[in-house]
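Read the structure below first, then the notes.
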Amino acid sequence: MKTDELREKYLSFFETKGHTRCPSDVLVPTWDPSVLFTPAGMNQFKDHFLGRVKLDFTKATTCQKCLRTGDIDNVGRTAYHHTFFEMLGNFSFGDYFKEEAIHWAWEFLTDKKWLAINPDQLSVTVYKDDDEAANIWHEKIGLPFSRIERLDEDENFWPASAPSQGPDGVCGPCSEIYFTPADGKKVEIWNLVFTQFNRVGDPPNNLEPLPSKNIDTGMGLERTAATLQGVTTNYHIDILRPIVEAASEICGVKYDPASDNGRRLRRITDHIRACTMAVHENVYPGANKEKYVIRRLLRRAVLDGHQMGMHQPFAYQLVDKIVEMMKTPYPDLQDSVTRVKNVIKSEEENFLHSLDDGIARSEKIFSGMRSANRTVVNGDEAAELYQTFGFPPELFEQVAIEHGFTFDWVGYKKAMEEFGERSGGEQVKLFETGPIESLKNSVRSTEFVGYDNETTDVTIKGIVTAAEGDGESQLVDDFSTTGPEHKLVVVLDKTPFYGESGGQVGDKGRIYSDDFEFIVTDTQKDSDLFLHEGYLAKGTISTDTTAKAQVDTTRRAAIKRAHSATHILHHALQKTLGSHAQQQGSKVEDDLLRFDFTNMEPIALDQLTTIESDVNAKVVDGGTVKWETVPLAKARELGAMMLFGEKYPDPVRMVTMGDFSRELCGGTHLTDTKQVEAFEVISEESVSAGVRRIIALTGDKAKEYREKVDHSLDAMAKTLKCDVPNIPEAVRSLTGYVRDLKKAVNGSGKAPEAPAAIKPYSGKAVDYYHRKEMLKESARLLNSPLFESAERVATLYHEVDKLKHQLTEREKSGTLSGDDLLAKATTVGNTSVVVADVPGANANLMRQLIDQIRKSTESSAVMLFAAAEEGKVTIVAGLSKSLTDSGKKAGDWVKEPAAIVGGSGGGRPDMAQAGGKDAEQIPAAMAKAEELAKTLFA
C-alpha cells in the first residue's frame with residue numbers, strides 16, 4: 001500500500017466514524033510558546049483538551065506535519081527515527097473513550113476493507129493498573145493475555161511517569177499497538193492515550209478523574225507505511241527511497257544501507273526534507289529559536305555531504321525530488337520550489353566557507369587526543385573551534401562521534417561563559433506565569449471591542465503586581481502605590497486596547513474612574529487574555545470595580561496608518577518583484593513599519609522607486625478599507641492572501657483594500673487608504689539569506705522625513721556651491737581633496753591642487769525618489785548619518801582651511817626631515833638631544849620625524865613642538881631603545897614642558913604625546929626641555 005493511500009484511508013476511515021477531518025497545523029505553532037515546532041497531532045487541539053475553547057465538533061482526525069529533534073543523533077542510524085514526520089491521529093473531546101478507541105483501531109488495522117493486517121501479527125501494551133483497557137483488548141477484541149503486556153508508568157503513561165513525578169495537570173494511561181513482521185522484531189505503530197485524570201499533588205491518591213475524558217491517538221505514517229510495504233526501514237518506503245536514491249546520485253556514491261555513507265544519505269534525506277517543509281512555511285535558517293534548528297539540520301546534512309567529497313552546494317538539488325514525493329498531500333509545495341532551493345543553496349554557500357577550516361582543525365585535535373590516549377573532547381577545544389572558525393559545537397560533536405570520541409558539553413558551556421559569550425536567554429520577566437495562569441483559568445478571556453470603540457466601560461477582573469527584587473509577582477485585590485517604578489498588569493472583562501500580535505504593537509492609554517487613574521504603557525496577549533501593563537498614577541485600583549478604558553487615539557491612528565500601509569506595500573512588492581515576495585515578518589508601530597519578505601537579491605533602485613511610488617499612488621487615489629469575518633474556506637475561495645507558517649482561526653477576519661489587496665489580519669486599520677497620508681521608504685537591507693527588510697514611515701513622520709530630505713539637499717547644495725543633482729559628484733571631489741591635503745600634511749608638505757568647480761547641471765528634472773537617493777549616496781560618501789550630511793560638509797570645509805594653514809606654516813619653515821633636525825642636535829653624554837619647533841606639523845608627522853632620527857642614531861632624545869589654530873599646542877617626545885632599556889621614560893621628560901604650555905600628556909616609555917593651549921609659551925617650554933635633558937640623559 002502506497003503511503004499516500006495509507007494517509008487517505010486513515011482519514012476516510014475516521015470520517016466514517018463521525019470524525020471531522022481537520023487540516024494539518026503549521027510546523028511552527030505561533031499560538032503556543034511552549035514548543036518551537038509542532039511535535040504531535042494533539043498540539044493544535046491543546047486549548048480544546050484543556051476546555052479553554054469550545055469546538056463545533058467533538059471528534060476529529062488529522063495527518064499532522066511534525067518536527068522533533070530530541071533523538072536527532074539516531075536519525076539515519078536507526079530504521080525509524082526522523083526529525084520531520086507525519087502523524088496520523090484521531091481525537092475525542094469528551095465524546096467516546098477507551099472502548100470505541102480500541103475497537104476502531106483494531107477495525108482499521110485488521111479489516112480487509114482497510115489495512116487488512118494479520119491479527120496474529122499484532123500485540124499491545126497497557127498501563128499496569130489499567131484493567132479497563134486490558135479487559136477491552138481481551139474480552140471485546142479477543143486478544144489472549146499473552147499478547148497484552150502490562151508496563152509501568154514510565155512506558156505506558158502520558159506524560160511519562162506523571163503519577164509519581166508530575167507535572168500536575170491533565171494526564172492518563174496509554175495503550176500501544178505493535179506489529180511483529182516475519183523477522184520477529186516488534187515495531188510500535190499506534191499509541192492510544194486515554195486522557196482521564198487530573199494530577200494534583202504527590203502520590204498516593206493524586207489522580208483525580210476528569211469529568212470529561214478525552215482520546216488522543218498517534219500513528220506514525222512512515223513507520224506504518226514501512227510495515228505495510230514490507231521494508232525494514234522507513235527510508236525505503238515509496239516516498240523516501242526515491243529521495244535517498246536522488247541524494248546518492250547527487251553525491252556520486254552508491255547507496256549501501258549498511259555502510260557509513262548509507263547512514264549519511266539517510267540523514268541527508270531526512271534533514272533536507274525537514275528543511276524543505278520548514279522553509280516552505282517561511283521558517284528560514286537563522287540564529288534564534290526555530291530558525292537555528294533549521295540551520296543546524298541543514299549544516300548537519302552539508303557536513304555529511306562534505307565527508308562524502310561534496311565541497312560545493314548540493315543539498316538544494318534534492319528539493320525537486322522531495323516536492324515530487326510530498327506534493328499529493330501538500331500541493332502548495334510546488335509554488336515554493338525556487339524559493340526553497342535558493343534559501344538552502346545560499347545557506348550552504350555561507351557555511352562551506354568555514355567548514356573546511358573547522359574540519360582541518362578538528363582533525364588536528366583528534367590526532368592530539370589519540371597521542372594522549374584521550375577519548376573526550378575538551379570544552380575549551382570546542383569553544384576555541386567555535387570562536388575562531390565558527391564551527392558549531394553540534395557539528396563538532398557529530399564529527400567527534402564519527403572518530404569514536406565523546407563530547408564534553410558541560411565543559412563547552414563553561415568555556416563559552418569564560419569567553420564572555422552571551423547566553424541568548426530570555427530577559428528576566430517582571431510578571432511570572434503563575435498569577436497570569438491563575439487568571440487564565442478564572443477569567444478565561446477578555447472580550448476585545450477595539451475595532452469599533454476606543455473608549456468603553458469595563459470591569460477590573462484581576463491585578464498582578466510585578467516581581468521586585470527577590471520578591472514574586474502576585475495577584476492582589478487592590479493596589480494603591482503610585483509611580484512608574486511600581487509596575488502592574490490589569491485584566492479587564494472587555495477592552496478597547498489592542499494586544500500586541502500579528503506584528504502590531506499593543507495600545508497605550510489609560511484606565512480610570514473617580515477613584516483611580518491607571519496609565520497603560522503596553523498591552524500584551526496571553527492566549528485570549530489581554531494584559532494591560534502600566535502603573536497607577538493616582539488613587540487605589542481594586543478588582544470587581546467599574547471604570548473607563550480609553551485608548552491613546554492619536555497613537556492608535558498612527559498605528560493604523562502604518563498597518564494599512566503594510567498591506568499596500570505587500571501588494572506593491574509582489575507586483576514589482578513577483579509572487580515569491582511573501583511576508584516573512586513585520587512590526588507595526590505608530591507611523592513606523594518594518595516589513596520582512598522573501599527575496600534573494602537587494603532591490604534595485606528603479607524597482608524600489610516603483611514600489612514606493614505605487615504605494616503612494618494608492619494613498620493619493622484612495623480606496624475603501626473594509627473588514628469582515630468569514631469562514632476560512634470562504635476567504636480562501638475569495639483569494640485572500642494567507643501567510644505560510646501562520647495559524648488562522650475559523651472563521652477569520654479578512655481585510656480588503658480597494659480592488660488590490662485582500663489579507664487575513666486581526667489588526668486595526670483605516671477606513672480609506674487616503675488616510676495613510678504619506679509613505680516613505682527609509683531603508684532596504686538584508687536580514688538573512690533570502691530575506692530582505694524594508695523600513696518605512698507614514699503620516700506625520702513621513703512628511704517630516706521628506707522635509708528633512710529637501711532641507712538637507714538644499715543646505716548641501718548651498719555649501720558646495722552646486723546644483724542638487726551634482727551633490728554626489730561635489731562630495732566625492734571634496735572628500736578626495738581633504739584626503740590629498742592630509743597626505744601632504746603628513747608627508748611632502750606640498751599642497752595639492754584645489755578641485756575644479758562643478759559645472760551647472762543641465763540634465764532633465766530629478767524626481768523626489770532620486771533626490772532622496774542622492775542624499776543617501778552623499779551620506780555614505782561622507783560616512784555620516786543621513787540628516788547630518790550638510791553639517792559634515794561644512795565641517796570638511798573647515799578642515800580644509802585648517803589643513804591649508806598647516807601647509808602654509810610648513811612652507812614658511814622650509815622642508816622638514818629628520819636629518820635636518822638632527823643637524824641641530826646638542827649632545828648630552830652619548831645622547832643626541834633634539835628640541836625643536838616644527839610649525840604646521842601634526843602629531844603623525846612629528847612621530848615620523850622622531851622615527852627617522854632614532855634610525856640614524858644609537859642614542860637619541862627628541863621633543864618636538866607645533867602650534868595650531870587658536871593657540872593650541874602639540875608636543876611629541878621620543879627616546880631611543882638604548883635610553884628606555886636604561887629605565888628612561890619619554891613621559892617623565894615631557895611632563896614639565898607640557899605644564900608650561902598649559903597642558904598634560906603621557907604615553908609609552910619610548911613615545912609620549914602632550915597637548916597644551918598656550919602657544920606663546922612654546923619657547924619657555926623648549927628651554928625647560930633642554931634643561932631637563934642635561935640631567936636626565938647625562
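Even glycines carry a Cβ here, placed using N, Cα and C.
Curation plays no part in TrEMBL annotations; they are all automatic predictions.
Annotation comment: TrEMBL describes His563, His567, Cys665, His669 as Zn(2+) binding site. According to TrEMBL, the feature domain 'Alanyl-transfer RNA synthetases family profile' maps to 1-708.
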Count of other CB atoms lying within 10 Å of the CB belonging to His567 (Zn(2+) binding site): 26
Environment of His563, His567, Cys665, His669, the listed Zn(2+) site - residues of the same chain whose CB lies within 8 A of the CB centroid: Lys560, Ser564, Thr566, Val625, Val655, Met657, Glu663, Gly667, Thr668
Chain-internal residues, separated by at least six, CB under 8 A from His563 (Zn(2+) binding site): Gln504, Val588, Leu593, Cys665, Gly667, Thr668, His669
Protein Cβ atoms within 10 Å of His669 (Zn(2+) binding site), excluding its own: 23
Averaged pLDDT score, the domain 'Alanyl-transfer RNA synthetases family profile' (1-708): 91
